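Here's the structure we're looking at; comments come further down.
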Amino acid sequence: MEIEKYTPEQIEELGKGARDFAFAHGVVFTELSVSKEGRNIATQIPITLFPSVIPHGAFVEAVSVQKAYNKLYAKIANDYEFLRLHLQSITKYDEFMNKLWNLYQKHREAVAHLKENQFQPLSLGVFRSDYMVHQDDSFIGCKQVEFNTISVSFGGVSKAVSNLHAYCSQSGLYRKPLTTNYLTVNTSVSGICTGISNAVDAYRDYVKNITSKMNIASDNTKPIVLFVVKGGERNITDQRTLEYELLNRFHVISKRIDIAELNSLIHDKSSNKLYMKTSFTTYEVAVVYYRVGYALDDYPSQEAWDMRLTIENTLAIKCPSISTHLAGSKKIQQVLAESNALERFLEGDELQAVRSTFADMYPLDDTPRGKEGIKLAFEKPEDFVLKPQREGGGNNTYGKDIPGLLSKMPQEEWDSYILMRYINAVPSQNYILKGERPEKFDVVDEIGILGTIVWNIKTDEVVQNGQSGFICRTKPKKTNEGGVATGYASLSSIELSE
């Protein structure tokens, strides 16, 4: 983009145009919890003024492997023994993982007593695989940062950021127009909603089949998608964008419920269906879509945990199921990177394509590789990042801070962390706009490839599997964490380089 050729006056004009477009198209956080005098307050989501330049081959590699990743994590979610083998031990030292694992066990016990017509075998995954473009003397390509299986965010507003940069190009705010490339047309909104809509259709077909077998007349209702959210949610526009797309394109109604109010849902024990009552009517729930629930603090009470179990046992399709949530833990990512683990689930070209994206990772246990990881953590910490099982940003420990953190905790707790080698991300320059004026930074980019999959956990049949667009986050090179909602990074779009 040759951003060094822009004058301060041009950057100021570009910043004003980008900021106005962002507000006009919902690229904002809402600050309902701090509104004053009854006013709603919105702040612009941090954005880049220019698209992020990503090597063509690296981007194609990341996009091409997404369907294999979708299938991989669906299979992991179905594999109780694999999850038990690698996760049960860390539940002793991680309260959140312990609670999730206990819910999973209780769900398995409850399912064993359900009648066939009360059991839901279908599951929905809305996934995001995050990468940085790694470069060394002999290699340039994508290395995976993490794989997310719950509450993947910014698929809604990322489409608007792509449109924002297109507007800047078409309206003359760039010195040189962007080159149109079909590969970077962002289908994040339609892609995610296609997956959710397919799950709704699968639910309808499944329920219709049940009623037909039992000679019960269908009630002809249109089941809904239920977004489970947190109170005072800031990222509303990202979520609402998906709701509007579901309604306008797929004619699927969505409703929202605070995780603290899950006990208001209605569970019909005879049919095992889930219902939501509003001031207007009562809706049958086809899909429960969690946009919260990935952190311990998200659950305000034991009742919220109990209701997640109740929902898990109903006929509604869950996104994600508890087993899919567990499959997305950092420990599973680390285990997959070890030799032979991946062969349990994939083979051939898919196996090789997925394996090529793995970064170097270590456990911190008493296995030979774990002992090697412990040695590296203390002797060469500057080459690594230490990751707990938690999602949401702001939880990692970097470089020289790693030995101090490990020294403060009992050694038996180290196994609940993984050690990951730094990805040598390709740097560039960009302007980040999150206040009144854009600021120029040396930056690195993280691309997140979105995917959706609907599958049958009893038969392993895949009903739908697709790559569903992308997001791009850009952060100052000196910043370790990469979360937009936590204030570390900004949203961008992608322009490809040869």
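Along the chain as shown, residues are numbered 1 onward.
The backbone N, Cα and C atoms fix where each Cβ goes, and this holds for glycine too.
Keep in mind that this is a model prediction, so the values were computed, not measured.
Residue with Swiss-Prot feature phosphoserine, selected from Ser169, Ser356, Ser428: Ser356. Sorted by the number of other CB atoms within 10 A, the recorded positions Asn148, Ser151, Ser153, Gln239, Ser356 start with Ser356, the lowest. Packing around Tyr294 (substrate binding site) is summarised by its Cβ count: 20 other Cβ atoms lie within 10 angstroms of its Cβ, all protein chains included.
Residue pair Ser151 (substrate binding site) / Pro388 (ATP binding site) shows a Cα separation of 18 Å. Checking each of the binding-site residues Asn148, Pro388, Lys475 against Tyr294 (substrate binding site) by C-alpha distance, the shortest gap belongs to Asn148. In the structure as shown, the Cβ atom of Glu146 (ATP binding site) sits within 10 Å of 20 other Cβ atoms. It is 20 Å from the Cα atom of Lys475 (ATP binding site) to that of Arg234 (substrate binding site). Between the binding-site residues Val292, Val484, the minimum number of other C-beta atoms within 10 Å of a residue's C-beta occurs at Val292. Looking at Tyr398, Tyr422, the binding-site residues in this record, the fewest other C-beta atoms within 10 angstroms of the C-beta turn up around Tyr398.
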